[in-house]
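Copied from TrEMBL, the annotated features are:
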DOMAIN    153-278  domain 'Aminotransferase class V'
DOMAIN    350-451  domain 'Glycine dehydrogenase C-terminal'
MOD_RES   LYS271  N6-(pyridoxal phosphate)lysine
Amino acid sequence: MRKAKALIFEMGQPGRRAIDLPACDVPAPDAADLIPDAFRRRTSAALPEVSQLELVRHYTALSQRNFGVDSGFYPLGSCTMKYNPKINEDACRMSGFAAIHPLQDEATVQGALELVAAMEGYLAEIAGMDAVTMQPAAGAHGELTGLKLIRAYHRHRGENRTKVIVPDSAHGTNPATAAVGGLETVEIKSHPDGAVDLEALRAAVGPDTAALMLTNPSTLGLFEKNIRAVAEIVHAAGGLLYYDGANANAIMGISRPGDMGFDVIHFNLHKTFSTPHGGGGPGSGPVGVKKELIPFLPVPVIAAEGGSYRLDYDRPLSIGKMQSFYGNFGVIVRAYAYILAMGPDGLRAASEDAVLNANYCLSRLKEKFHSPFARFCMHECVLTSKDQKPYGVRTLDIAKRLLDYGYHPPTIYFPLIVEEALMIEPTETESKETLDGFIAAMLRIADEAEEDAAKLKAAPATTVVGRLDEATAARKPVVRWKA
Ligand SMILES: *Cc1c(COP(=O)(O)O)cnc(C)c1O
């Protein structure tokens with residue numbers, strides 16, 4: 001049986017307090033003088049009345065219901081949830097970074113400007129691009145910035161190109177960004193082997209093509225082998241290539257989008273470059289471009305002159321400002337600390353280990369779970385519950401049962417083009433023992449599917465709440481206590 005925990009409102013006794021305040025030694029003001037009558041409450045606020053110890057236990061218990069990468073294995077594919085080394089946190093809390101103000105005079109924040117300029121340089125090198133803007137506040141915001149740059153580029157050349165080609169394996173933000181950017185999405189189907197279908201691409205491009213948005217490795221975890229052919233087809237039609245680099249965890253120091261033929265890229269510092277993410281932010285989605293697009297970058301651009309830095313607003317072709325001030329600075333500092341700590345060899349090793357770990361999971365889980373593509377994967381692998389279907393078990397049941405074994409489930413039902421998908425991204429920081437534990441749990445669940453499907457359908461049995469109606473829980477969450 002599940003143990004129902006008392007709510008804080010159900011605990012305590014009237015008059016019980018968590019603190020003792022000394023009696024007021026000045027005359028107490030009349031509340032009526034402080035708060036206009038119309039705004040005063042006539043009834044008690046009915047706050048919980050608990051001791052300090054009860055209060056501490058309450059919040060500690062709540063915090064222990066959380067699951068994060070610091071508490072356990074968190075294999076969310078297509079959303080790199082990698083470990084954030086704690087030195088990043090130390091770095092961004094240094095008072096020279098944390099206590100400056102964005103309206104301070106440039107002369108007094110030279111170090112901060114130097115750091116942002118250095119990050120632009122590092123990311124340009126990693127991406128194979130000519131310049132980078134650190135302004136966008138997240139991945140989707142980077143996509144919007146990138147598409148605005150592409151529109152400005154075409155317009156400047158006197159061309160009105162309005163269509164963005166997006167493969168059906170794309171992340172959902174890609175078509176959403178195109179729509180917000182005032183462009184039209186043309187979806188192309190993937191080839192059965194997971195790659196871009198070159199015939200479909202040739203048929204889709206034309207004089208109205210503004211760009212192709214692509215992620216490589218794709219959201220199927222596969223490297224696009226025909227990427228040069230893809231780039232040639234789009235460029236020959238006058239379009240540009242946009243690289244969704246939100247998850248670049250397979251390619252750091254190994255392959256560069258700029259060398260593959262891409263013109264614009266965004267990174268997610270909060271995924272690949274190890275700064276905390278989840279719960280809605282803050283993030284950072286820097287955008288890199290080839291030199292033809294530099295004149296259109298958002299203002300201000302950081303200009304280096306004779307060893308000092310200034311903010312340059314005098315850029316007549318700029319798309320304008322994409323964000324108040326200069327980007328989410330604290331996130332940029334964390335990613336900077338990560339890049340410096342890793343160095344070029346460390347970044348490459350991280351990507352190699354990420355790919356190795358994903359392939360280790362894939363090769364062992366293939367024993368009992370169907371693998372839709374007979375290829376090595378990159379930083380994440382896709383499996384399905386096709387082999388469990390005859391027992392009436394679905395991917396959702398497998399994910400819920402994993403909770404009973406103490407693991408955060410992987411991404412499920414994405415990518416959309418794979419039926420009953422399970423997408424696993426272990427990342428580079430997990431040990432072989434952790435992966436073996438996870439794999440053992442998955443294989444055990446495959447056995448349970450055959451022997452006792454009902455147990456899976458009823459899972460999870462060991463968590464604070466059982467199986468929720470997920471749609472209602474997401475759309476109409478009840479987050480407020482009512483008497
Ligand atoms: C996470 C992700 C995005 C969106 O990034 P946000 O920071 O959440 O806006 C875009 N594309 C891909 C492939 C992603 O994984």
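Heads up, the Cβ atoms here are built off N, Cα and C, so glycines get one too.
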Same-chain residues at least 6 apart in sequence with Cβ under 8 Å of the Cβ of the residue listed as 'N6-(pyridoxal phosphate)lysine', in sequence order, are CYS79, THR80, MET81, LYS82, GLY139, ALA246, ASN247, ALA248, ASN249, HIS277
On the DSSP side of things, how many residues of the domain 'Aminotransferase class V' (153-278) fall into helix, strand and coil, could you say? 33 helix, 28 strand, 65 coil
Using DSSP, what is the helix/strand/coil residue split across the domain 'Glycine dehydrogenase C-terminal' (350-451)? 52 helix, 11 strand, 39 coil
